[in-house]
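S.K.: Here it is, the structure, as structure tokens.
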Amino acid sequence: MSTPARRRLMRDFKRLQEDPPTGVSGAPTDNNIMIWNAVIFGPHDTPFEDGTFKLTIEFTEEYPNKPPAVRFVSHMFHPNVYADGGICLDILQNRWSPTYDVSAILTSIQSLLSDPNPNSPANSMAAQLYKENRREYEKRVKACVEQSFID
Amino acid sequence: MVIVIMGDEAKNSSTATEDVSQLNQDELIMAQQRQIEKEISETIPLVGDLENILLLEHEYSNDDVYQEKVKNLAKKYKSIRRTRPDGNCFFRAFSFAYIERLLDKKEDFDAFYKKTAKSKDDLVELGFQQFTVEDFYDTYLDVLKRVGDIAEVEGAKTELHSLFNDQGYSDYMVVYLRLLTSGQLQKEKDFYSCFIEGHTTVEDFCHQEVEPMYKESDHIHIIAACAALGTGVRVVYMDRGTGKAVTEHDLPEGCVPSVHLLYRPGHYDILYPI
């Protein structure tokens with residue numbers, strides 16, 4: 001059955017294949033266009049470098065009027081990522097615009113890895129270390145990077 | 001309409017665990033918001049049927065101030081069409097009422113179709129992403145075409161009403177008008193920046209308050225939406241303020257309004273003059 005959300009997701013997928021942004025990839029799962037798997041590669045010159053972080057993206061029929069639910073499957077240590085992998089990012093909540101597509105979502109999360117916002121913490125420990133003990137923060141992040149090879 | 005999102009449910013679950021910050025608060029809040037929205041959407045259509053204006057009196061049977069104001073309103077308006085209070089009410093009401101009005105006059109409708117057909121290129125030029133804007137633009141034009149192709153005016157209006165109650169079409173109509181409004185604000189940003197409080201830039205304001213669905217409209221949205229469509233609207237304010245009469249505001253000032261909206265704090269419905 002074709003609905004506006006499904007039609008739009010086919011378009012998003014086509015665009016992601018034809019014009020793939022650097023360092024991110026994503027595709028619908030085999031049987032369900034409403035659930036996607038994605039990978040974000042840790043940005044260069046950040047402690048996340050070399051990591052391959054897996055995510056799931058779940059859309060509802062209200063997409064693109066409402067944002068999808070995006071969640072890291074890989075274990076993350078980041079000020080704006082909850083323990084369950086949920087992400088605290090304005091464009092996935094109150095600043096969502098129907099003009100964003102999957103490509104824009106993934107690149108925004110990628111830049112969140114480079115530029116955490118410790119003032120709106122989802123992981124208070126990560127936020128505190130990011131602000132007060134950058135070395136320990138980077139050590140914890142690097143552990144996630146190594147973990148991401150195994151996952 | 002304002003939806004209070006911190007209800008009891010969210011509060012209880014956050015105090016139940018010791019480490020509040022580890023709990024995904026955003027999702028709890030969003031889940032509750034979805035529940036409230038679901039209740040509203042099950043009871044109120046996106047765009048309602050025409051109702052006699054005097055039916056409004058029933059809503060205020062114990063309220064003399066409002067009763068008086070409804071009587072006053074009925075001297076100028078014969079009917080009202082309610083819209084769903086989901087934060088999109090201004091955009092949905094305005095979009096519907098303007099197209100409905102254009103259907104009465106073929107030349108005006110055709111001119112608007114031509115104007116709208118050109119609007120996508122303007123948005124892309126302003127920096128909107130072609131790929132996503134296209135999706136909404138195509139639907140907007142499709143709706144105009146479908147109602148424009150029906151020769152008989154009443155039949156066209158019925159089709160418009162039915163499309164505006166189909167969530168898929170209706171929401172895309174709202175999104176596209178939001179994008180046109182955002183485009184208008186950004187095109188004339190020197191002018192509009194004076195109306196934005198604080199240090200927010202026009203671009204930020206558009207990203208936060210105009211483009212996202214379900215964000216309520218203010219004066220500035222209305223002025224820009226009118227400018228984007230090239231028309232004017234009369235907003236009739238009805239609140240508990242003193243005086244027996246309702247207050248009328250034409251936006252932009254001095255215009256000949258093509259659409260009349262009833263504003264009660266937090267919500268817009270469509271009015272039909274006598």
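Residue numbers in this text run from 1 along the chain shown.
Placement of Cβ uses the backbone N, Cα and C atoms for every residue, glycine included.
So TrEMBL says this about it:
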type     : residues : note
DOMAIN   : B:78-274 : domain 'OTU'
ACT_SITE : B:ASP86  : active site
ACT_SITE : B:CYS89  : active site, nucleophile
SITE     : B:ILE223 : site 'Interacts with free ubiquitin'
SITE     : B:TYR237 : site 'Interacts with free ubiquitin'
SITE     : B:ASP239 : site 'Interacts with free ubiquitin'
SITE     : B:TYR263 : site 'Interacts with free ubiquitin'
ACT_SITE : B:HIS267 : active site
SITE     : B:TYR268 : site 'Interacts with free ubiquitin'
S.K.: So, three-state DSSP: helix, strand or coil for B:ILE223 (site 'Interacts with free ubiquitin')?
M.R.: helix
S.K.: Considering only the recorded positions B:CYS89, B:ILE223, B:ASP239, which fall within 10 Å of B:TYR268 (site 'Interacts with free ubiquitin') when distances are taken between Cα atoms?
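M.R.: B:CYS89, listed in sequence order.
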S.K.: Determine, using Cα-Cα distances only, which of these recorded positions is closest to B:CYS89 (active site, nucleophile): B:ILE223, B:TYR237, B:HIS267.
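M.R.: It is B:HIS267, whose Cα lies nearest.
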S.K.: In terms of Cβ proximity below 8 Å, which recorded positions out of B:ASP86, B:CYS89, B:TYR237, B:ASP239, B:TYR263, B:HIS267 neighbour chain A?
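M.R.: Listed in sequence order, the recorded positions near chain A come to none.
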S.K.: Suppose you look only at the domain 'OTU' (B:78-274); what would the mean pLDDT be?
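M.R.: Here the mean pLDDT over the domain 'OTU' (B:78-274) amounts to 94.
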S.K.: Hey, of B:ASP86, B:ILE223, B:TYR263, which of those recorded positions are within 10 Å of B:TYR237 (site 'Interacts with free ubiquitin'), Cα to Cα?
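M.R.: For B:TYR237 (site 'Interacts with free ubiquitin'), the recorded positions whose Cα atoms are within 10 Å come to B:TYR263.
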S.K.: Once the chains shown are all counted, how many other Cβ atoms turn up within 10 Å of the Cβ of B:TYR268 (site 'Interacts with free ubiquitin')?
M.R.: 27
S.K.: At the Cα level, what's the spacing in Å between B:ASP239 (site 'Interacts with free ubiquitin') and B:TYR263 (site 'Interacts with free ubiquitin'), rounded?
M.R.: 8
S.K.: Can you grab the distance from B:ASP86 (active site) over to B:ILE223 (site 'Interacts with free ubiquitin')? Cα atoms, rounded to a whole Å.
M.R.: 20
S.K.: Fewest other CB within 10 angstroms, which one of the recorded positions B:CYS89, B:ILE223?
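M.R.: Per-residue Cβ counts within 10 Å for the recorded positions B:CYS89, B:ILE223 bottom out at B:ILE223.
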S.K.: Can you tell me the three-state DSSP label for B:HIS267 (active site)?
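M.R.: SS state of B:HIS267 (active site) = strand.
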S.K.: Using a 10 Å radius around its CB, how many other CB atoms surround B:HIS267 (active site)?
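M.R.: Counting Cβ neighbours of B:HIS267 (active site) within 10 Å gives 20.
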S.K.: Name the residue among the recorded positions B:ASP86, B:ASP239 whose Cβ has the smallest number of other Cβ atoms within 10 Å.
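M.R.: Looking at the recorded positions B:ASP86, B:ASP239, the Cβ with the fewest others within 10 Å is that of B:ASP239.
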